[in-house]
Amino acid sequence: MSEKIGILAIGHGSRLPYNKEVVSEIAATIAKKHPDYVIKAGFMENTLPTVMEALADFDGTGVTKIIAVPVFLASGVHITEDIPEILKLDPETNEGKITVDGNEIPVTFGKPLGHHELLADLVFERAMEVM
């Protein structure tokens with residue numbers, strides 16, 4: 001059986017709709033560029049779907065592994081405590097198992113965006129837009 005990967009983009013969430021739109025558009029762009037992967041978006045607070053609801057949305061997709069990636073710039077309590085708890089991750093390996101379609105499959109958790117040259121370029125681009 002070949003591996004079919006699901007990617008869960010995790011956003012913070014907000015009472016304002018723009019936050020959901022941005023994270024959902026990022027997930028849609030990833031899906032368009034990488035059609036062999038199943039891409040979902042979920043949110044930590046104030047926005048649906050929740051992370052748990054987004055994980056449930058992988059049912060019926062045939063995924064054999066899920067990679068959860070926070071769409072956050074830096075680590076905070078959601079990254080270090082809340083998301084690992086939701087995903088039931090082993091604190092030493094950052095890996096866990098979740099049930100999809102009645103089967104236990106591995107889930108791993110990526111790092112926040114952090115410093116990256118592309119982000120630095122984007123910040124500079126945004127500055128130039130208002131110059």
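Quick reminder: no glycine exception, Cβ is built from N, Cα and C everywhere.
His12 (active site, proton acceptor) carries neither a helix nor a strand DSSP state and counts as coil. Taking a C-beta cut-off of under 8 angstroms and a sequence separation of 6 or more, His12 (active site, proton acceptor) has the following same-chain neighbours: Asn19, Phe43, Met44, Glu45, Val71, Phe72, His78. Swiss-Prot lists His12 with the feature active site, proton acceptor.
Annotation note: His78 (Co(2+) binding site) sits in a helical segment as assigned by DSSP. Counting every protein chain shown, the Cβ of His78 (Co(2+) binding site) has 20 other Cβ atoms within 10 Å. According to Swiss-Prot, the Co(2+) binding site annotation covers His12, His78, on the basis of sequence analysis.
The Ni(2+) binding site annotation in Swiss-Prot covers His12, His78.
Residues or ranges marked as substrate binding site in Swiss-Prot (evidence: sequence analysis): Leu73, Ala74, Ser75, Gly76, Val77, His78. Every protein chain considered, the tally of other Cβ atoms within 10 Å of the Cβ of Gly76 (substrate binding site) stands at 13.
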**Q.** Cβ neighbours of Ala74 (substrate binding site) where a neighbour is any other Cβ within 10 Å
**A.** 11
**Q.** Of Ser75, Val77 (the binding-site residues), the residue whose Cβ has the fewest other Cβ atoms within 10 Å
**A.** Val77
